[in-house]
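*Asks:* The structure is given below, and queries will be raised subsequently.
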Amino acid sequence: MDEFASIRHWTDGRQSEQRLREQGVVVGIGDDAAVVEAPPGEGGALQWVLAVDTMVETVHFNAATMAEADVGWKALAANVSDIAAMGGVPRHALVSVSVPRAWEPARIRRLYDGLYACAEHYGVAVVGGDTTSSPAQLVVAVTVVGTVEAGRAVRRSGAQPGDAVFVTGPIGMASAGLHYLLAAASGEQCVPLAAAEAAGTAALVQAHRRPAPSVRAARVLAARGTVTSLNDVSDGLASEAWEIAESSGVKLTLRESQLPMSGSMAAYARRSGVEPLEWMLYGGEDYVLLGTIAAADAAGAKAALAAEGLPMYVIGTAEAGAAGVELVHDSGNSETGRRAERRVPLAKRGYNHFG
Ligand SMILES: Nc1ncnc2c1ncn2[C@@H]1O[C@H](COP(=O)(O)OP(=O)(O)OP(=O)(O)O)[C@@H](O)[C@H]1O
Ligand SMILES: Cc1ncc(C[n+]2csc(CCOP(=O)(O)O)c2C)c(N)n1
Ligand SMILES: [Mg+2]
Ligand SMILES: [Mg+2]
Ligand SMILES: [Mg+2]
């Protein structure tokens, strides 16, 4: 199959006319560039929200950790997560794939199975991309275009002293899943989900392979007008917290006892002799949101999300002071009343491509 036949094989007839119409697609896959209608805002102008993120074989995944469809899902999801982190709605995606010569077109077709599944889940129209060969590794770069109500994008820089700090889901699971997958890997085979089910790590593996960005939660939160900053957790909680702290000029104090830890992660950490806090603070790829909100609205926001079946965990506070992040070790025995609190500065550490 040549390049053009391959592109058709991967993308032809994958999305309904209705989805494309809904996202104002005038010219989709098949011309020099896509053309989409500038969406009219409901009750006000919209602004564009643009993001691109790349996944590279051996850096972001390998043959054992993810199947092709997982790579497709996650490549789009990582971008959808960045749009969510601005309070926006993801709409259009451009997909660039650089394919090793040894890869059959059927493998990329499977990548598109996952990518289109994610696109459908979040209402995104895939409108184009680019295709090249690659000397060795697969590279997937996805660009997502979204919209946000004019002037309402939620930045990293708005956190105020007194705000509550929150996350929209458990953290550390994706990293624990990766730990399991790397340990369970044997040869070039993708570790089957059935093996993870038997090992009690299926939820962790799925968190790693199929992250579910908090678009809905971000929209509910942003509409309240009380959320002062948002960041999605790609490089790890500590690293993202540092970004908010530095760009907002505040100190974030996180309470260890409030960090949402999944039961399966805690159980797997115990079994494998790993300190779970390491995954939660420095693991990354959670694609939940970390943010700050006016303290007076924290309970109201939590209730509004709960009404939609969405979690929100208050994990700390923003304070005046030198930009930085502190962790309060407060996981002492609350029954005996011995809660010796210890504050430690949190290292500005996380996944770093050049670190
Ligand atoms: N090569 C580049 N050229 C121009 N801008 C870039 C480049 N790489 C990153 N940026 C910009 O730098 C900022 C931070 O990018 P970064 O990729 O760290 O954020 P992120 O996408 O939220 O995190 P992650 O990639 O870890 O998910 C963004 O505004 C991004 O658009
Ligand atoms: C095989 C394998 N080894 C290591 C990792 C861990 N990892 C890679 S990139 C990244 C941060 C997010 O990426 P980015 O900053 O590019 O968005 C993390 C935590 C993995 N997923 N697979
Ligand atoms: Mg990025
Ligand atoms: Mg981000
Ligand atoms: Mg990163």
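Cβ coordinates are placed from backbone N, Cα and C, and glycine is handled just like the others.
I grabbed these lines from TrEMBL:
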- Asp32, Asp82, Asp232: Mg(2+) 3 binding site (BINDING)
- Asp32, Asp82: Mg(2+) 4 binding site (BINDING)
- Asp53, Asp130: Mg(2+) 1 binding site (BINDING)
- Asp53, Asp82: Mg(2+) 2 binding site (BINDING)
- His60, Glu285, Tyr351: substrate binding site (BINDING)
- Tyr112, Gly129, Asp130, Arg156, Ser234: ATP binding site (BINDING)
- Asp235: Mg(2+) 5 binding site (BINDING)
- 30-148: domain 'PurM-like N-terminal' (DOMAIN)
- 160-323: domain 'PurM-like C-terminal' (DOMAIN)
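Each of the listed features needs to be described in terms of its position in the shown structure.
*Replies:* Reduced to three states, the DSSP call for Asp32 (Mg(2+) 3 binding site) is coil. Counting every protein chain shown, the number of other Cβ atoms lying within 10 Å of the Cβ of Asp32 (Mg(2+) 3 binding site) is 6.
Shown in sequence order, Leu94, Val95, Ser96, Val97 are the residues of the chain, 6+ apart in sequence, with a C-beta less than 8 angstroms from the C-beta of Asp130 (Mg(2+) 1 binding site).
DSSP assigns Asp82 (Mg(2+) 3 binding site) to a helix in the three-state reduction. In sequence order, Ala51, Asp53, Val144, Asp232 are the residues near Asp82 (Mg(2+) 3 binding site), counting only same-chain partners six or more apart with C-beta under 8 A.
When Cβ atoms from all protein chains are considered, those within 10 Å of His60 (substrate binding site) total 20, not counting its own. DSSP assigns His60 (substrate binding site) to coil, not to a helix or a strand.
Listed in sequence order, Asp53, Ala78, Ser81, Glu240, Gly284, Glu285, Asp286, Tyr287, Tyr351 are the same-chain residues at least 6 apart in sequence whose CB falls under 8 Å from the CB of Ser234 (ATP binding site).
Other C-beta atoms found within 10 angstroms of the C-beta of Asp235 (Mg(2+) 5 binding site) number 22, with every protein chain shown included. In the three-state DSSP classification, Asp235 (Mg(2+) 5 binding site) falls within coil.
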*Asks:* Let me know the largest Cα to Cα distance in Å among the substrate-binding residues His60, Glu285, Tyr351, as an integer.
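*Replies:* Of all Cα pairs among the recorded substrate binders, the widest measures 11 Å.
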*Asks:* How many angstrom lie between the most widely spaced Cα atoms of the ATP binders Tyr112, Gly129, Asp130, Arg156, Ser234?
*Replies:* 32
*Asks:* Please list, in sequence order, every residue of the chain apart from His60, Glu285, Tyr351 whose Cβ lies within 8 Å of the Cβ centroid of the substrate site.
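*Replies:* Residues close to the substrate site, other than His60, Glu285, Tyr351: Val59, Ala174, Ser234, Asp235, Gly284.
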*Asks:* Under 8 Å between C-beta atoms and at least six apart in sequence, can you list the same-chain neighbours of Arg156 (ATP binding site), or say none if there are none?
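*Replies:* Residues satisfying the criterion: Ser229, Leu230, Asn231, Glu243, Ile244, Ser247, Ser248.
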*Asks:* Let me spell it out: for each of the binding-site residues (Asp53, Asp232, Glu285), count the other Cβ atoms within 10 Å of that residue's Cβ, using every protein chain shown. Which one has the most?
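*Replies:* Comparing the binding-site residues Asp53, Asp232, Glu285, the most crowded Cβ belongs to Asp232.
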*Asks:* Measure from the Cα of Asp235 (Mg(2+) 5 binding site) to the Cα of every one of the binding-site residues Asp32, His60, Tyr112, Gly129, then give the nearest.
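*Replies:* That would be His60, the closest of Asp32, His60, Tyr112, Gly129 to Asp235 (Mg(2+) 5 binding site).
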*Asks:* Who sits close to Tyr112 (ATP binding site): which same-chain residues at least 6 apart have their Cβ under 8 Å from its Cβ?
*Replies:* Trp10, Thr11, Arg14, Gly72
